[in-house]
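Working notes, structure below.
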């Protein structure tokens, strides 16, 4: 199973990635982890990436694709792999296609923006203990107060409504073109093109997981 998993922040992509990984015995591949590993190991690609990072720039796609190809030669990828959060842009998707990185499925977990805003903007946290609540789905006994210490709860900056909406805007502007890119490739009748699937990410986790596995048949 070789797939790319797409989903907005707060869509529950991480949960489904874990289930897919376990079900098919494949690793989740995160470019952030790859970058850190290569920089730490001092490889040629790692040193090249570090040069750009130290200068405050973005690591060029060619370097990232080099790392991806290197990562896919490792033993744990023999049954496949799951790309989470990559590619993010058309040039990255095109570079993967040009490099001949095999992909069987592109799966998007689709959740309406209004649901994501409700999920994320309703989160409250007790920072000292790491306990989290939700004003609607998992409220504290007393509004705005931690159940254990009686201390006030806070809303993290990342969970503020305007921040969530901004992140969703960025996600849609990047992801819609990606889905179109893979859809167009599949429409050309190329046997190497992945199948593009969309699953509704609302409802119980079990039902979403069932839909995910159904889509990957």
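Glycine is no exception: its Cβ is also placed from the backbone N, Cα and C atoms.
Residues 10, 11, 12, 13, 14, 15, 132, 133, 203 are given by Swiss-Prot as ATP binders; from 36, 123, that same site also lists 123. As annotated in Swiss-Prot, region 'LID' covers the listed stretch 122-159 rather than the other ranges in 84-121, 122-159. With a cut-off of 8 Å between CB atoms and residues at least 6 apart in sequence, the same chain places 109, 111, 201, 205, 208 near residue 12 (ATP binding site), listed in sequence order. Using CA atoms as reference points, the binding-site residues 10, 123, 133 were checked against residue 88 (AMP binding site), and the closest is 10. The most crowded of the binding-site residues listed here (88, 123) is 123, judged by how many other CB atoms sit within 10 Å of its own CB. Mean pLDDT of the predicted structure over the region 'LID' (122-159): 96.
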